[in-house]
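Peer 1: Summarising the annotation, Swiss-Prot assigns Zn(2+) binding site to H563, H567, C665, H669.
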Amino acid sequence: MKTTAEIRQSFLDFFHTKGHQIVASSALVPENDPTLLFTNAGMNQFKDVFLGMDKRPYSRATTAQRCVRAGGKHNDLENVGYTARHHTFFEMLGNFSFGDYFKKDAIHFGWEYLTSPRWLGLPAEKLWVTVYETDDEAYDIWNKEVGVPAERIIRIGDNKGAPYASDNFWAMGDTGPCGPCTEIFYDHGEHIWGGPPGSPEEDGDRYIEIWNIVFMQFNRHADGTMEPLPKPSVDTGMGLERISAVLQHVNSNYEIDIFQKLIAKVAELTGEKDLSNKSLRVIADHIRSCAYLIADGVIPSNEGRGYVLRRIIRRAVRHGNLLGAKEAFFYKLVPTLIDVMAEAGIGVKEKQATVEKLLRLEEEQFARTLERGLALLDEALANVKKGELSGEVAFKLYDTYGFPLDLTADVCRERNITIDEVGFDREMEAQRLRAQSASQFGMDYNNVIRVEGCTTFEGYTASESLAKVTALFADGKPVERIEAGQSAVVILENTPFYAESGGQIGDSGYLNGQGFSFEVKDTQKYGQVFGHIGELVSGSLTVGKSVNAVVDVKRRHNTSLNHSATHLLHAALRQVLGEHVVQKGSLVSDVALRFDFAHHEAITKAQLVEIECLVNQQIRANHLIQTELMELEAAKAKGAMALFGEKYADQVRVLTMGDFSIELCGGIHAKRTGDIGLCKITTETAIAAGIRRIEAITGENAMSWLHQQQALLAQSADLLKSDVNSIVEKIQQLQDKAKKAEKELQVLKEKSAMQAGSDLARSAVKINDVSVIVQKLDGVDTKSLRVVVDDLKNQLSSAVIVFASVVEEKVNLIVGVTSDLTSKVKAGELVNLLAQQVGGKGGGRPDMAMAGGTQIENVDHALSFATTWLKENL
């Protein structure tokens with residue numbers, strides 16, 4: 001029996017013999033593709049190749065790609081654990097042709113690998129295929145060349161309610177590459193229920209799709225239109241876990257070798273004896289996706305990819321709760337996962353400490369609200385009518401207790417109850433509108449600019465170049481000519497302008513020529529071409545004209561200093577805080593630098609000083625900043641850091657600063673570290689769970705900042721009538737005096753209040769032999785009010801005291817009740833009723849309670865209400 005690791009290797013070996021380049025799996029976070037939450041198919045890393053925007057030194061490739069499907073269009077989360085084949089994390093085996101072979105070879109390759117005794121050796125009679133209804137070419141290849149009988153070839157049309165919406169018309173997302181496909185199914189046999197694809201029983205488990213071969217012919221735009229791709233290509237995908245189940249003679253993916261150890265470990269940690277329990281499957285699946293997402297740089301959060309990760313973690317924790325887990329358990333699966341996936345050929349061992357820590361923190365945080373949330377849900381489900389949980393309750397669970405909707409849906413499904421998702425969405429939208437802030441978006445040219453060829457970048461050695469205009473874009477479309485005052489994007493054949501990348505802003509400057517001048521305000525990269533974004537200041541500009549491209553040198557110089565300082569800062573952070581520190585984002589401009597990084601606790605002042613000193617030490621060392629082009633793998637072997645989320649070519653630019661910093665970087669830098677002059681950290685904050693942010697300035701900006709701080713100190717010293725070195729001592733003296741004066745004032749207030757209390761005791765009215773005082777005492781703070789109430793309770797044997805006070809535009813309410821009356825009048829109940837009259841809330845003990853409010857105009861009404869209520873209840 002072949003192991004999963006052996007199957008993976010045999011697939012790669014087979015296609016290598018067919019002239020395919022073996023390409024490593026890309027990260028789970030797609031590189032430079034905002035249309036995807038996660039890598040969900042093998043072809044994601046080749047999207048730009050299919051679109052003709054990127055070129056590789058090979059035209060055939062094969063991969064074993066790590067994938068996650070738990071958000072967006074491809075979302076398997078709700079099915080995971082309840083079916084035999086759905087996963088959040090899986091591996092997709094694939095072979096790809098970039099304008100090389102097409103349908104004939106793709107089909108023959110697939111059949112040979114599956115049926116040849118040298119490879120998988122599956123019985124041919126066990127295999128069925130489907131083709132797109134109008135794809136006669138694919139049908140004939142299967143039938144006439146491969147020899148699959150017509151009764152085992154099924155045509156599938158548009159079965160999803162729209163043109164090209166079919167099980168046999170594949171698309172990566174709402175936009176992007178797409179085309180007809182042919183799928184290969186394995187027949188498990190008559191002993192398992194189910195029918196062939198296209199039949200009413202197709203959802204059964206007898207016929208299982210094992211391979212999808214996509215004939216990539218089109219690029220779908222946001223408006224639904226499709227244009228032919230430059231060259232027809234092939235994209236195939238075969239789920240490793242599915243084919244392993246077939247070859248290991250089991251009907252469920254959860255019974256294959258890589259899942260058995262994980263399920264056994266979950267059972268051990270939770271004490272579950274029944275190894276068929278679906279919760280074991282859920283947790284075994286989820287630890288794979290969670291660990292690999294964290295290893296690839298995703299941090300649990302409340303938005304985007306981080307929220308999907310949080311949903312998966314919380315779903316796993318809840319299933320652990322179902323199994324009886326009494327303490328944090330999920331993170332304890334990581335060592336077993338590393339062992340299992342190491343056997344399978346991939347691992348997260350290098351990130352083990354970070355993965356375990358984040359999982360443990362997230363689990364412990366959710367555990368604090370899980371029990372209370374489940375109690376609320378149980379109560380709500382007990383009162384459900386018509387078998388549906390209200391959207392309002394589901395939203396409260398989400399908003400207050402951190403229950404993702406799919407977690408609530410899991411609980412409801414176990415009790416055959418549905419959720420009012422329309423109501424939930426309505427509540428979510430209402431919250432979004434409440435929190436919405438205005439935002440402006442400029443013209444997005446990413447899906448508009450499609451230009452043949454590429455722009456040659458000359459900016460490493462030049463700041464001025466002669467260049468030819470190859471294309472113009474204005475108002476979201478290509479044009480041949482622009483006039484003065486018109487905003488546009490200018491594409492050049494060559495350019496000294498740096499296009500925004502790696503956190504560094506794009507260059508600005510001018511494109512000048514005879515009779516015209518174009519101001520470049522930003523530079524962006526669109527595929528292989530550089531777009532110079534700006535406005536034509538004078539004259540007219542047409543495609544084909546020559547321009548003198550001149551970069552704003554001062555702005556670029558300041559930007560380069562900040563970029564070089566960012567590299568030093570990154571290295572210093574790793575040296576002081578630990579090797580777990582990785583870049584999570586950056587912004588390098590001519591004004592300042594911003595650096596986001598993974599770190600799970602606050603940075604101390606001493607650490608921050610050490611980091612800053614280390615950076616400036618390297619600046620003073622005046623290292624030569626060297627760049628070298630080399631192969632990506634050689635650069636990594638040399639120790640160069642490849643930053644998460646960046647897309648690198650096979651040949652990369654390695655930037656070194658002495659022996660202190662070595663990174664892959666395509667940005668513009670200083671010539672020596674000494675050019676930076678000075679680096680000053682201005683702020684350090686947390687921006688999300690596990691993510692910190694440092695902002696800093698360099699060079700002249702840093703000196704200017706220091707001068708401002710020095711002036712501020714001098715001004716403060718003048719106000720304090722002190723010298724600069726004695727400011728802290730002087731402030732401490734003033735604080736001590738202020739505290740002393742405050743205490744003396746409080747004593748006077750309390751004396752005054754007690755005197756007022758004696759007067760108030762004489763004014764008490766009787767209601768059924770109970771002394772009642774209801775008064776407004778303006779300007780009396782809450783502490784003094786408590787003193788007066790306690791004094792009056794001691795003076796009066798049986799009493800209820802109600803005071804209202806307005807201090808600094810806020811209403812303070814206090815109710816005191818002597819112990820003999822708390823069975824009749826509870827201070828907390830009465831003060832809450834009064835608080836409602838003034839737009840507030842409060843609470844406390846039965847004999848003493850306080851509240852606050854904001855509606856000053858209703859104070860008299862509240863006191864009148866108190867008198868009436870006491871007459872009715874005493």
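If you go along the chain as it appears here, the first residue is 1 and each next one adds 1.
Using the three backbone atoms N, Cα and C, a Cβ is placed for every residue, glycine included.
How buried are the listed features, and what sits near them?
Peer 2: Around the Cβ of H563 (Zn(2+) binding site), a 10 Å sphere holds 25 further Cβ atoms from the protein chains shown.
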Peer 1: With every protein chain in view, how many other Cβ atoms are within 10 Å of the Cβ of H669 (Zn(2+) binding site)?
Peer 2: 25
Peer 1: Suppose the Zn(2+) site is H563, H567, C665, H669. Which further residues of the same chain have a Cβ inside 8 angstroms of that site's Cβ centroid?
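Peer 2: What remains near the Cβ centre is Q504, S560, S564, T566, I625, L655, E663, G667, I668.
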Peer 1: Within the chain of H567 (Zn(2+) binding site), which residues six or more apart in sequence place their C-beta under 8 angstroms from its C-beta?
Peer 2: L655, M657, S661, E663, C665, H669
Peer 1: Name the secondary structure element type, per DSSP in three states, that contains H563 (Zn(2+) binding site).
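Peer 2: The residue in question, H563 (Zn(2+) binding site), is helix (DSSP, three-state).
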Peer 1: Tell me, how many other CB atoms lie within 10 A of the CB of C665 (Zn(2+) binding site), whichever protein chain they belong to?
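Peer 2: Looking across every protein chain shown, the total is 25.
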